[in-house]
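> Take this structure, written in structure tokens, and hold onto it; I'll ask about it next.
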Amino acid sequence: MAPCSTSIPGSPSHGAALPGVPRETDIPVMKVAERVRLKRMDQLITGSEIASVGVSSTQIAEHLVSAVVEESDLIELGKLDLQARQQLEIDIERLHSRLEHTRAQNNVLTLSLEECKSQADKFYLLVGKYESNAIALRLALGYADRATAAYDCLVALLESELALILKGATAGKDGIEDRRAAERAAWSLLEAEQYGRLSKEGDWGPCDEQRLRELISRLKMDRSKVRDTIVELESVHADALCTRVPVSFAEARKLDLETAVLMQELMAMREDKAELRARLYLLEKERAALELRLSSQDTQRQAQAASILHLQAQLQELEVANTKDTSNTPINEGEALSLESAAALRRENHLKERIHELVDTLDKVSHTSEQRHLQSAELVNDLKKANSTLVQTLERSKKKYQSRLKKLEQQMLSMVERHSCQVRTLKQRIASLEQEIRSNATQSSPSLPQTTPSETTL
């Protein structure tokens, strides 16, 4: 045999490499991973980094656009007048309070749903325990019935034996038949319980009676074992909250629910506060409208007083002219013309002053009427909004009181169910105690002697 070559194919000592097999120099060499220090995201980000990398977080984007949003809000508010700005602020406050109230209601509903889920899980486990207890009680009842049947057989045997002993030799056929029937019933019971197959041809002896007593004790022991498996169940109703610090998750959840309800009531009070502020704003606008109406009435009174003064001046001029016409003193034509021209100039100046006063009064009255018209239009709009707000508040109050009424009805139903359940449990407990008393009384009764002569010995 030729010596085996120790060279490996594909190695340099072997020569040419096989096709499909890579050479040692063609195998890629794995690179060692380089340790790179990553940047922290909580550091400040410059504009160049944002331009090169971009925005990858919504918080950064919101922080960047917050200034622009505030500036746009300020610009929009700057274009409005003072009353519109106040109205907008009040509407924003009302909407914010309503939003907070809705969030509080949502939290209450979420916690109520979680509480209902936990109660459903608790009831599911409790129903399972009740089912297991019901099965155990059914088995215990079966054992008790069988033990009662065995007691009946034993009592029948003892009564028949006692009757035979008392009658003695004068015992008739009826007593013997009763004895035979009691023995047959006892044998049937022992065969049914599979507690030893006995022949009915023999006589009933102390050994058979001992077996019957052992059967009764075994059934009682089995019943006690089954009853030991019954567990004490907690109440199906939720316990009231105590003032101590919660030590379990369920109590903490109940406290969270109470806190959520308090927050809901607080948000409702805030919403009512916003509604009251809106009504106060409407009342202030109504007061401003009344003040404007009062100022317009003052202006009209001043205009009427000016017209009265003008009429008095005209009356005085007419009286002066009448006195001049009635006078008989001769007057030259030049003097008359000069007097007439002076009177005409005075009248013209007075009429100009009167016209200026009337124009000023007309401007004031028109400006006042325009303001009153604007105030009345704003007041009508505000009254419409207040009416809609009051309608919404009334609907919310109706819903809130309806929900409270439903809760009270549910509480009443739960109280009635709890009372009926307690009554049923007390009745069952009374029945079980009476049964135990009867069983204890039968067990404590003195037993008859077991060594009495049988029927055949008589």
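Numbers run from 1 along the shown chain.
Glycine too: its Cβ is placed from the backbone N, Cα and C atoms.
Keep in mind that TrEMBL annotations are predicted by a computer and have not been checked by a curator.
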> For the record in TrEMBL, which of the ranges 1-22, 375-396, 397-418 is the region 'Disordered' one?
1-22
> Go through the chain and flag residues at least 6 beyond the ends of the coiled coil (266-293) whose CB is under 8 A from any CB in it; none is fine as an answer.
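Same-chain contacts beyond the flanks: 83, 86-87, 90-91, 93-94, 96-98, 100-101, 103-105, 368, 371-372, 375-376, 378-379, 382-383, 385-386, 389, 393, 400.
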> DSSP on the domain 'Harmonin-binding protein USHBP1 PDZ-binding' (94-157): how many residues come out helix, how many strand, how many coil?
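Going through the domain 'Harmonin-binding protein USHBP1 PDZ-binding' (94-157) residue by residue, I get 64 helix, 0 strand, 0 coil.
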